[in-house]
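So that you can see what the record holds, here are the features copied from TrEMBL:
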ACT_SITE  E365  active site
ACT_SITE  H452  active site, proton donor
DOMAIN    85-132  domain 'FTP'
DOMAIN    225-372  domain 'Peptidase M4'
DOMAIN    375-549  domain 'Peptidase M4 C-terminal'
SIGNAL    1-37  signal peptide
Amino acid sequence: MTSLYARRKRTTLAIATSVAAGALLTTALTTGGSAAAAPAAAGTEATPLAVPVALAPAARTALIKDQQAQAADTADRIGLGAQEKLVVKDVVKDADGTVHTRYERTYAGLPVLGGDLVVHESAAGETKGVTKATKATIEVASLKPAITADRAEGQALSLAKSAGSKKTEADEAPRKVIWAADGKPTLAYETVVGGLQDDGTPNELHVITDAATGKKLYEYQGIETGSGKSLYSGTVTLGTTKSGSTYQLHDTTRGGHKTYDLARGTSGTGTLFTDADDTWGTGNASDAQTAAVDAAYGAQETWDFYKDTFGRSGIKNDGKAAYSRVHYGNAYVNAFWDDSCFCMTYGDGEGNTNPLTSLDVAGHEMTHGVTSNTAGLNYTGESGGLNEATSDIFGTAVEFYAKNSSDVGDYLIGEKIDINGDGTPLRYMDKPSKDGNSADYWSSSLGGLDVHYSSGPANHFFYLLSEGSGAKTINGVSYDSPTSDGSTVTGIGRDKAVRIWYKALTEYMTSTTKYKAARTATLSAASDLYGADSTEYKAVAAAWSAVNVS
């Protein structure tokens, strides 16, 4: 689970997005030639042939099946061992026929955590390059554990207890995996424990235990924290469905998104919101429907943003919607994405009067789902910061896309929900350190920060790439963005910056991507879209240098 902001109530665990096998690491390697485009004229529009095409769900499914049918040949072609197999996770196809296939890996039938990779193939089927989460050769001496599964489960339960869980047995029994996080791959157990954390957030603690020594190798949380009258966006038009004599908050035009009322509960789906006259909410937090209006509106605007901007149909790009739950817990001050339910969940804030359902928060949480289903960025250290920044970047982009006069686009995160109680936002993209915790620039110690603060340099990079450095006013908000080296950065516009980040995320980043690898990924994306000698490519390089990433 990824939460919206860092909870200060307890010591933060090493946490990561809940992902399938092969999505946990902190380094990245690209081999072969990347799909670089020929140089383009400065300031040009995206090269048409390099832009990802919008695949209908049926076409995407067919392409995935085709790539899976060729997976054995692909594994052999890129030099994997005899016991390694590839499982297709996602496919992106560019207009020129280039196909970027994201794979997870198994070894002797066991999931390889940190073994994900992306193969870039030309329209003719030739391999143009491979982006790997790890360069280590996947091989272990023995597949027989030296410790029992019960010992691994006991370790996981103890760690979960320290986070507030009262569970006495694991939700998922220990399973054998290959852990490829550091150095030589290791046979390990992965155990998952549920319950609740000490602040009321659902617990989905994954613990990786060395199967030979019993040593804890890694731990992470699988929960990602993060016409009606809305509280934050004014009167908005909603997609609803009539059932009998009542209306449901069920949008059949956007994959079937539904909004449910948890009524202060912390588990289950909740009750689907219904209304007699299809006029929802009052614009006041005291009306239970009001938060639902904001959540439903945020979900539909986020769906439309991804569809209209990138041709992406839903979080998984399969035409199916996630669902939203509001009124989680009692005075719960957070929002989160959860892969296990494929849903967004929103608390009502202090005193149950400030629900965390603003437009940028909704875009932020749904983007965690997109990240989980593409790069799967590991939710700790630098890659965790990039995961959080990705949600901030696209949450911001959704806010600008919506063009809502009651919640205009800005480079402030969570400015409407007033978590701090003083009217200030959670985060600032132009100068992240203004929140008192985030870093403006990369440093070797960045990975030690909470992921909501190690996101700072990437948020700063995105602002600089979009708007440039120095003082300016945008939509009535004043910004003054510095650079680490005193340089002046000229922005290329938010639309181009968003397109570059999305292409980098979906085609060049992996679970292990850190800041320097993110620089490489965005440069590859800029080269594909605009050319290696373009203004846009040079601006990407300059913006990264301005946040001390080279």
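Note that the numbers count up from 1, one per residue, in the order the chain is shown.
Glycine is treated like the rest: Cβ placed from N, Cα and C.
Remember, TrEMBL labels are computer predictions, not curated facts.
Taking H, G and I as helix, E and B as strand and the rest as coil, DSSP gives the domain 'FTP' (85-132) the counts 0 helix, 34 strand, 14 coil. Within 10 Å of the C-beta of the residue listed as 'active site, proton donor' we count 27 further C-beta atoms, all protein chains included. When the domain 'Peptidase M4' (225-372) is classified with DSSP, helix, strand and coil residues number 40 helix, 38 strand, 70 coil. Of all the Cβ atoms in the protein chains shown, 33 others lie within 10 Å of the Cβ of the residue listed as 'active site'.
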